[in-house]
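Here is what TrEMBL records for this protein:
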- 77-101: transmembrane segment (TRANSMEM)
- 143-169: transmembrane segment (TRANSMEM)
- 175-195: transmembrane segment (TRANSMEM)
- 216-236: transmembrane segment (TRANSMEM)
- 248-271: transmembrane segment (TRANSMEM)
- 302-326: transmembrane segment (TRANSMEM)
- 332-359: transmembrane segment (TRANSMEM)
- 371-390: transmembrane segment (TRANSMEM)
- 402-430: transmembrane segment (TRANSMEM)
Amino acid sequence: ILKQCSIKHEYEGKWNEKSRLTTCDPHNKRTVVSSNTPQEVEAKKEIIFTYDVEYQESDVKWASRWDAYLLMNDDQIHWFSIVNSLMIVLFLSGMVAMIMLRTLYRDISRYNELETQEEAQEETGWKLVHGDVFRPPSNSDLLCVYVGTGVQFLGMVLVTMIFAVFGFLSPSNRGGLMTAMLLLWVFMGIFAGYASARLYKMFKGAEWKKLAFRTACMFPGIVFAIFFVLNAIIWGQKSSGAVPFGTMFALVLMWFGISVPLVFLGGYIGFKKPAIEDPVKTNKIPRQIPEQAWYMNPTFSILIGGILPFGAVFIELFFILTSIWLNQFYYIFGFLFLVFIILLITCAEITIVLCYFQLCSEDYLWWWRSYLTSGSSALYLFLYATFYFFTKLEITKLVSGLLYFGYMLIASYAFFVLTGTIGFYACFWFTRLIYSSVKID
């Protein structure tokens, strides 16, 4: 129990660490308990504060001291979030099952039973674009960079959540979660280099060192640039919340001293492995894509694809934003891990469904669209963050607003890379599966 008072104290001689107060000296048994008279404060005059601390033994064990702060009263809302997300997953799973088990199975069986080339040419839909579906996309290098970065981010998030679920990252350890994420990001660089190099070699790329450097520097460079500008704004306000220069230098040292070499190592290992073989041959001349219906327009399709992944996580997102910006503890990592698994499944399934519809309309440009379809959920995340800013927060200063939108821009960008990579790999597996089942002479 802390008792604090401020009265007009006096002392003899010049003040130093060993000076005793003549008005409040415990050795003279003249302890001042309180003062009801307001103290007059004059300019350039010193004020001496005193306080008393009384320790009382508690019956609560030390390991359970945080239970009072971590008492969960809103578990029903989280269960509602889980059930809501599971309904989305079940709906998408039903659509994927229908596509895979009924439509595709029937199409593949009928296509393989055709006896003449003329009959095969009469076929329509996804089977006609088998000679173009694995044609390397435009800006394939950039796609490899983003896929590699997404693998690095996925590994970091997955391991961090597993540690948090098992209780290794307690809220009582301030900064433990952020430190763990930074360290895991650095050491996951080897997987980023490996994934980007494997995809790059499949696209017949040759300059793997250049690709590895871009993989190691593009995403962290953009995030660090935004973070540095925001930190400079805080420095300009002379706030104690600014990250010290020494910490910034340590981050750069970890980036270039550990992460970059690991990305190069992963790129070297991935590029030395044999290239991934396409299940069907690619034609030399690209097939002309027929005119598409309005609902198959790339922009419309991409924007529609991001709604369901965002819908699966937006309730949990509210609690995360509240814990970050309203100084509340976030500790229910078990719920968060379930929502994260649901997010993975939702991103994969919605991208597979839309990719199948795209291929059925004889549009074989699926590489970038598969990444952007699930990645567009990051746009809805940023729009929700904007809505949260104007409805829940009472921020009026320009600097505080810039900090909020700057940090949420970083979070949305990271979410885009994560969800986009999940959707890409889901489509990559789906297209290889269906076209490897078709007999083509």
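Using N, Cα and C of the backbone, Cβ positions are placed for all residues, glycine too.
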Please identify the stretch among 143-169, 175-195, 248-271, 332-359, 402-430 with the greatest number of Cβ pairs below 8 Å relative to the transmembrane segment (302-326).
332-359
Pairs of Cβ atoms less than 8 Å apart decide it: which stretch in 143-169, 175-195, 248-271, 371-390, 402-430 has the most with the transmembrane segment (216-236)?
402-430
Checking distant contacts: for the transmembrane segment (248-271), what same-chain residues at least six beyond its ends satisfy Cβ-Cβ under 8 A?
148, 182, 185-187, 189-198, 200-201, 208-209, 211-213, 215-217, 220, 224, 228, 231
Same-chain residues at least 6 beyond the ends of the transmembrane segment (175-195) whose Cβ lies under 8 Å from its Cβ atoms:
147-149, 151-153, 155-156, 159-160, 163-164, 169, 212, 215-216, 251, 254-255, 258-260, 262-270
Long-range Cβ neighbours of the transmembrane segment (402-430) (under 8 Å; 6 or more residues past either end):
143, 146-147, 149-151, 153-154, 157, 219, 222-223, 226-227, 229-230, 233-234, 305-306, 309, 325, 343-344, 347-352, 355-356, 366-367, 370-379, 381-382, 385-386, 389, 393, 395
